[in-house]
Amino acid sequence: MHSDCDAAQDDDLVNIHRLWNPSPAWFDHFYTSRLNQALNARDRLGFAHEGLLGKCFASSRPDTVPLFRLFRPNGGFRDHFYTVNATERDEMHRRSNYLKEGVECWVYSEPGGCTVPVFRSFNPAGDHFYTADVEEASAFEGEGWAFEGLAFHVRKPDDCPKECEADGVTGCDGGELLLCREDGNLCQRWERSRTCPERCHAGECRRDCEDRCATLDEAACGEGGVVRCRVDETGCRDWALETECAERCHEGQCQDACGDECTTTGELTCGDDGGVLECTVDAVGCRQWQWKHGCGDRCHEGQCQDACNGECATEGDLTCDDGSVLKCVVDSIGCLRWELESECGERCHEGQCTEACEDGCAAVGDLGCDGVDVMECGLDGMGCRRWRRNHTCEERCHQGQCLDACDDKCVAVGDLVCDEDAVLECAVDPAGCRRWERKHACEQRCREGRCMDACDEQCEAVGEVTCGDGSVIECQVNEIGCREWQLQKGCPERCHEGQCQGACDDECPAMGELTCGDDGGVLECTVDDVGCQQWQWKHECGGRCHEGRCQEVCDNQCTALGNVTCTDGNVVKCRVNDIGCLEWGLESECSERCYEGQCREACEDHCETAGKLACEGGAVVECAQDSSGCRQWHQKRECDDRCHEGQCLNFCADQCPSTGELSCDEGDVLQCRVDAVGCRLWERWQECKERCFEGQCREACPDDECATAGELTCGDDGGVLECVDDGFGCRRWQWNHGCSDRCHEGQCQDACEHECDVDGELTCGDDGGILECIVDKNGCRLWQWITACDDSCSEGQCQDACEDECPSKGELTCGDDGGVLECAVDATGCRRWQWRHRCGDGCQEGKCKETCEQECTTTGELTCGDDGGVLECAVDATGCRRWQWRHLCDDGCQEGKCKETCEQECTTTGELTCGDDGGVLECAVDATGCRRWQHVIGATTAARRASAKRPRTGTQ
């Protein structure tokens, strides 16, 4: 026993993850207390996380023992093996090719108040299985896994539910949207994400259902055939096609095609006997006519009606009424009625719409004349009034009567003429003859039957000519008898004094305009004899002439019109003033400065005094003004070797790169100085007591931690360290970054799957050659072939061909001294007889002759001692089997095993009863010596066998 509960809150406790890979390539249970290894196995190697086995310590604690981890990577199967027994570890390593992977964590070898036992089982297919659930261990027993008993004890694990499948998966709890979250133990729990506004289904917020059907599994007819009410992918009820019908569907069943007698259920019609028929659906869903009732007078369109009193005789007849067309139709009760067919836009005639009449006369019977014919007004075939000849007159016809011939005084009725100052009009007298009648008098004058105003004469004499709009115009009498200018002919170029002339080459633009002549006098623009403009001398000037005026002599400020210069920092331009003299006028104001008649930005002078010499690179430069008036350095000449203070000198052998720079020399500080000819050289500036670094005196460095800056190595925490200068010339290791798995030679690497334990270790390969354990470039240990053996290989050494002394390892015989010899393999791999033990009374067939009183039958057999402890059958030094005390039991011993305090489920071994699932239960003694009910027949056995094909996920 141990006092384990005092560390119940120890931060050093870690969970042991349980993982399982059922694939043929692995078929392996894997247990690890390292989260990164569990993640790697799950995410990269195909293992499924099955929860937590229990808790262990990451480092040693009182009463704890190391849990050794081994791994067999090949040799027929892969398997992880865990034990607290160092001898068992070494035996598995030596005999079964398991690789040692160190200590997984620290566990208990003895039970305690805060611990649970872990049981071990083995499947010959190559898997060791560990569980803290004895029922799970029992379920695996007999299904391929052999129970191997108690392995060790661990603390109880944290609760590790598997409420959901994977991190990020969504689900629903009523109207709540749930999100699957994975905690630090790789356990999945539902977390409430949010409340859905309407409903949650299949891990999504959705709108409330608009169910298209009421009852699940209800059948009906839909498009394509029989449909059934189902739940769709959104969780709502909807019709889903179940069966396609070849012909038709009726009441959720496929039926043959109908020969329907009618179209719509409930539709009415009239039968041959004058009664009413109704459209109904028969038993198979087909429509047929069924007699409903008789009618007293008559049936029309499925309705009983009274006898008709028709307005018209024949259906389809047409007539006219108030300008519209009426049609004889059968009304809703089957009687003939006049019904408006169409309204006519203009008029109706004999049941048809026609265009409006263009009547030739006013009233039927009116008389008129057409030449010498008397005409009478009558109706044509369209009902319109037309003139028709009645009879012909001998002389003439007037107002529908025959009269004698006229002596007409004028030609046409309405003609107008003048009679002095009065207007006469041609009119018809009562006898129909044309006579001139006085219409009215004119106030001023009458011309061609019209009263006219007095003339506004434009010219004096008819035939007079002049010019107008560049053409020749002539004085003529117009249509109202007045004189006006009228176009006689157009001139191709110009008109002057009533004649066409050639084009002018005018010397000046406008008459009366003044200018200055070549002699300095004033000229005036005048017109010559043919109407062209020319300059004519008017008078001379005493001083000078400007723009046609005499002026005094100019005192010009500038020499040429348009020249620019700078005045008071602004640009001025040479212009002509009002009196024709040249003067400077402001052209533009400059914000910064003016140079050579242009505004410019302020100078950034690169030198102070024009003409000064200096050096730039290896050339002599001179300070001079550039095109913008600013002082710049301009190269004057290139030096062959070098330039110094504006002079070319021979080449410098500079000792240092820049003036003022500091350096170190044998513990002294040097400074870079310029000598008299401009060359740089080191001068001793300061003497240091201990050491000099980067031009400064420093204290002596402690031992450098690393050799070269930038060099990488691995730190104690598994991270990468980099060799850096600490800023004072000393090299220190500095943490650079961490590694997720491990660090090797300054590089992060994936976790190793070591093939061997110790670098340089030798072994024998399958081909009989020698393999050496080496470390590869990634820091992982693997076997590498180094040489072949001529005869054989044993324990990593080539051996000569064996002359074996005995046939098989483990065989026993008797030695010459009467002791027991055992056949064993020596260091060279050959079988030799090896002394095992002495016999008191001689040896026979590999056994001591002494008559043993054997206390037990089989080596390894267990029983219970008188003190309640466990005894084991072992061979003593004389070769006899004796009971040997193994360990003490807290609650007594039964059948070689420590008892646990039993809560007996049943009374008598072999007793039978019925389980809750209807199967048969048998009372049996379990591995702890307690009586338990076990299934022997029923569905549970089948379920347990099925689960054994894939081991159940961990303790939930």
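From the backbone N, Cα and C atoms, a Cβ is placed for every residue, glycine too.
Annotated domain 'NF-X1-type' per TrEMBL: 236-264, 286-314, 344-359, 384-412, 433-457, 532-560, 730-754, 830-854, 880-904, in sequence order.
Counting same-chain residues at least six beyond the ends of the domain 'NF-X1-type' (830-854), those with a Cβ under 8 angstroms from any Cβ of the stretch are 794, 799, 802-809, 811-815, 817-824, 877-881. Non-local neighbours of the domain 'NF-X1-type' (384-412) in the same chain are 357-364, 366-378, 426, 431-436; each lies 6+ residues outside the stretch with a CB under 8 Å from one of its CB atoms.
Beyond the ends of the domain 'NF-X1-type' (532-560), by six or more residues, the same chain brings 504-511, 513-517, 519-526, 574, 579-584 to within a C-beta distance below 8 angstroms of the stretch.
Stretch with the largest number of CB pairs closer than 8 A to the domain 'NF-X1-type' (236-264), among 286-314, 344-359, 433-457: 286-314. Here the domain 'NF-X1-type' (433-457) has a mean pLDDT of 88 out of 100. Remark: secondary structure over the domain 'NF-X1-type' (730-754) totals 0 helix, 13 strand, 12 coil, with classes taken from DSSP. Long-range contacts of the domain 'NF-X1-type' (433-457) within its own chain (CB-CB distance under 8 A, at least 6 residues past either end) are made by residues 406-413, 415-427, 480-484.
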